[in-house]
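> Pasting a structure here, questions to come.
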Ligand code: FAD
């Protein structure tokens, strides 16, 4: 048993960042983690492993599709799935050990085990009860499923099972056309699986800009993914090594069945707060299970804070990280700040998709007068050379003031390009400010500038 200024429960991107910042600000800090390795969902079964498989499968796609076009001849590589998984596990190991190193460097105690809060100011881990002036709950989230769909992590899997399948399935059905379903669906499609995505709504990636949704679905279809939209999955029946997905088309209630070797359930995630003892503590949660916090990330119990996937807002690692830094600064008596209006969202497929700020649909709904500047990557020399001309940058700016309100990119390195617009928005920039900034040639970033020019007198290369 020990006394701490801060105990963080959970070592995902929210928790470990909060712990490091607390320690940097001079607070005696511990972090409780029940998993065998640090880093949470993100490093162990989320962002990092999925990006490793996206990278590997993209390289295969490049070798098969584009190498011959550039005069790079020879047999395209074949897939050694075991080795690909070993590569992915190695990437996870390097990252989780990196957090362990940072904990040691910052003198943060890792309290190994599952933590609970028996009362304000106390955290129980195993048989030990530790005292803490402040507690930060950063316990993250877990996959949610649908009624009638039983996950066994073998044939019917969540993203966690999909990251370690024993072999590449012949037929995969993905339930849900959100970010996780489409990222992992495109991994398996590139590795040779027949992938069918079944989605309840009539479009993919709910919440994204409508034009981007259409283009994204079109490009994924061209890459071989099949889509059944407007379809409600009723149940999944598992046979010995296969499954049958029963769904109804919403337009006429007709019933259909799809066969699959693996079914990936990617219908969203829900906060994970099991075992913390929140009910006994009378800590307030919403009807969606999210911990309720005030503008300083404090719960209804003084000295108990919550951040990341366990609270409201986009379930993204960088949102959790920002909250982690901000809550640490608040506890240390500084002014923690998160700008929730400028949180980018990225889909790491090829092409990538990235967005920040308002969509056109939201602006219409708000009745805000806006203008659109759009530029196709077909007009970008670098993109054309790299077989990456399909896609566009779209910037939305206030009609009167020209202030940037949102940006939506589908195309090469979209997840990196979006940050130029994020910085501009953080500084309250106008589209003209981006348009007047010299951009190096030949870069993909020039497409962002051209879209900004398109908000004014027009782009040059279209
Ligand atoms: P988590 O990362 O979920 O960490 C919580 C930790 O708390 C876990 O390690 C858990 O074991 C621990 N814990 C829980 N309860 C206790 C307890 N009582 N005691 C001790 N420890 C406890 N986001 C992105 O921004 N970019 C991406 O590319 C991306 N890709 C993703 C891909 C997949 C397949 C998945 C599933 C998610 C992805 N996400 C991505 C989402 C991202 O992983 C989460 O938003 C992020 O991890 C949330 O961070 P967190 O700190 O709130 O919680």
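Placement of Cβ uses the backbone N, Cα and C atoms for every residue, glycine included.
Caution: TrEMBL annotation is automatic and unverified by curators.
It should be emphasised that the depicted structure is a prediction, and the values quoted were computed from it without experimental measurement.
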> Have a look through 113, 115, 268 and flag the one TrEMBL assigns to the NAD(+) site that 176, 177, 178, 179, 180, 181, 182, 183, 199 belong to.
268
> What average pLDDT does the predicted model assign to the domain 'FAD/NAD(P)-binding' (4-324)?
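Summing pLDDT over the domain 'FAD/NAD(P)-binding' (4-324) and dividing by its length gives 97.
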> Write down the Cα-Cα distance for residue 317 (FAD binding site) and residue 176 (NAD(+) binding site), rounded and given in Å.
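Distance (Cα to Cα, whole Å): 20 Å.
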> Find the one among the recorded positions 139, 180, 182, 315, 441 whose C-alpha lies closest to that of residue 47 (disulfide bond).
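So, of the listed recorded positions, the one sitting closest to residue 47 (disulfide bond) is 180.
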> Indicate whether residue 178 (NAD(+) binding site) is helix, strand or coil by DSSP.
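Where residue 178 (NAD(+) binding site) sits, the three-state DSSP reduction gives coil.
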> Count up the helix, strand and coil residues in the domain 'Pyridine nucleotide-disulphide oxidoreductase dimerisation' (343-452) according to DSSP, in that order.
41 helix, 33 strand, 36 coil
